[in-house]
């Protein structure tokens with residue numbers, strides 16, 4: 001399925017685990033009753049109207065109940081919306097418009113929003129963690145993955 005390529009293997013595992021925890025009868029589909037029970041198990045009481053509204057947001061084909069692919073598609077839709085915001089943030093930080101964030105660009109940005117300013121070692125650790133191709137800079141895709149993995 002193409003939408004699965006949008007997510008990392010780790011993300012898919014988390015989504016699948018969450019899905020299975022709601023799918024009480026294990027049939028691969030989530031019914032309104034299962035969704036309501038899942039919320040009730042964490043002491044959140046929702047009206048049937050709210051449950052129906054939530055189901056409709058995910059159930060694009062109106063088939064009720066919803067399956068895992070519909071959940072993935074909704075999550076991808078949400079992440080694509082956030083992706084545009086991440087791209088704007090990246091572009092604002094990429095002051096030399098090189099298509100990557102240098103340690104200096106990251107240091108400037110982080111020192112403006114942290115007090116006390118982050119140390120060189122702390123910034124180097126961030127770059128090392130985010131730098132998938134080990135070129136010492138953070139490319140746009142690496143930046144988006146870094147932001148997404150922190151949530």
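Every residue, even glycine, has its Cβ placed from backbone N, Cα and C.
Listed in sequence order, 29, 30, 34 are the same-chain residues six or more apart from residue 23 (Ca(2+) 1 binding site) with CB atoms under 8 A from its CB. Annotation comment: Swiss-Prot describes 23, 25, 27, 29, 34 as Ca(2+) 1 binding site.
Packing around residue 63 (Ca(2+) 2 binding site) is summarised by its Cβ count: 10 other Cβ atoms lie within 10 angstroms of its Cβ, all protein chains included. Mapped onto three states, the DSSP output places residue 63 (Ca(2+) 2 binding site) in coil. Among the features that Swiss-Prot reports, Ca(2+) 2 binding site is placed at 59, 61, 63, 70, with the record citing a curator's inference.
Feature annotation from Swiss-Prot assigns Ca(2+) 3 binding site to 94, 96, 98, 100, 105. Annotation note: residue 100 (Ca(2+) 3 binding site) sits in a strand segment as assigned by DSSP.
Annotation for residue 135 (Ca(2+) 4 binding site): same-chain Cβ neighbours under 8 Å, separated by at least 6 residues, are 100. Marked as Ca(2+) 4 binding site by Swiss-Prot on the basis of a curator's inference: 131, 135, 137, 142.
Residues or ranges marked as domain 'EF-hand 1' in Swiss-Prot: 10-45. Counting residues per DSSP class in helix, strand and coil order gives 23 helix, 2 strand, 11 coil for the domain 'EF-hand 1' (10-45).
Per Swiss-Prot, domain 'EF-hand 2' is recorded for 46-78, and the stated evidence type is sequence analysis.
Mean per-residue pLDDT, taken over the domain 'EF-hand 3' (81-116), amounts to 85. Per Swiss-Prot, the feature domain 'EF-hand 3' maps to 81-116.
The domain 'EF-hand 4' annotation in Swiss-Prot covers 118-151, and the record cites sequence analysis as its basis.
Reduced to three states, the DSSP call for residue 105 (Ca(2+) 3 binding site) is helix.
Separation of the C-alpha atoms of residue 142 (Ca(2+) 4 binding site) and residue 96 (Ca(2+) 3 binding site): 18 Å, rounded to the nearest whole number.
Burial estimate for the binding-site residues (98, 100): highest at 100, by number of other CB atoms within 10 Å. Fewest other C-beta atoms within 10 angstroms, among the binding-site residues 27, 61, 70, 94, 131, are seen around 61.
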